[in-house]
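Novice: Annotations per TrEMBL:
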TRANSMEM  15-36  transmembrane segment
DOMAIN    30-277  domain 'Rhodopsin'
TRANSMEM  48-68  transmembrane segment
TRANSMEM  97-121  transmembrane segment
TRANSMEM  133-155  transmembrane segment
TRANSMEM  183-202  transmembrane segment
TRANSMEM  214-235  transmembrane segment
TRANSMEM  247-271  transmembrane segment
REGION    315-337  region 'Disordered'
């Protein structure tokens, strides 16, 4: 058995978790304020899913707070609870917290995925039929993966009390818990890879301004960072399963980072609306208007032009000029919200 690796302790775990949750909360509040008070529009499905994911993250953080108060996140406590000084009743209660905490943990992951997929439904043009079919296939996979993950947590060991029983004859076999973790992780990571790959089929057809390029780059960079944390979490937990020499607080820290960085990644695109409002305001103040720089050739080639949040879809014969009219009344349902994300997409002659 390898020498025990001391953990960072409860302060680091809680600070990282609540720090990221607070950052996500600030972005969500700003987004809701922009949507309700400034734009005078109702909340979209992606807003609601983002908020629910944040609630799940808060619920998961509360489990860490309880573990910290019980001393389970002290540096010397291993994942096997070796080094924990407590009564059998306290150990059983900690095992109960492990089991129950898995539910908001996975729920946060998949609500984050759902929020991004709803945004993709808004920005994937309807004429790209093949890409939208692929998007719906990923949505189906994510729903199925969540159901499988939660079902394995709930039903791998029956009766449920066996998950926290200290009686060797009644306790859940470690091999079952290991299998649950491995299957759930593979489903989660595969879903992340699919969602990460989806936008590239559209990004290659975009003509983006500098600010959008920076935003897309930062979002995808955060996505890569999140997947790296996900891999580190898997390696850390798997090491703990093999020799039990990993401190519980190390596992809690990497799980927290994986969970909450994913939440922040989902929230970051919402900040673009503020930059777009500032950009539009600067255009007006400079006297150029929000439609400056529109290339008439874009319409001839058949593009979606969205230099303004109220942009509309243009067909091959649609003229583009400063006097073009826009249907702003349809914005209440979010159907044209894709225009704030997509600036220029070439319309193919055949549905893709």
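Placement of Cβ uses the backbone N, Cα and C atoms for every residue, glycine included.
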Novice: What stretch of 15-36, 48-68, 247-271 shows the most Cβ pairs under 8 Å to the transmembrane segment (214-235)?
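Specialist: The stretch with the most close Cβ contacts to the transmembrane segment (214-235) is 247-271.
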Novice: Restricting to CB pairs under 8 Å, which listed stretch, 15-36, 48-68, 133-155, 183-202, is in contact most with the transmembrane segment (247-271)?
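Specialist: Highest pair count goes to 15-36.
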Novice: For the transmembrane segment (15-36), which recorded stretch in the set 48-68, 133-155, 183-202 gives the largest number of Cβ pairs separated by under 8 Å?
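Specialist: The listed stretch sharing the most Cβ pairs with the transmembrane segment (15-36) is 48-68.
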Novice: Going along the chain, which residues at least six beyond the ends of the transmembrane segment (48-68) come within the CB cut-off of under 8 Å?
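Specialist: Sequence-distant neighbours of the transmembrane segment (48-68): 10, 13-14, 17-18, 21, 24-25, 28, 31-32, 94, 97, 100-101, 104-105, 107-108, 111-112, 114-115, 118, 248, 252, 256, 259-260, 263, 266-267, 270.
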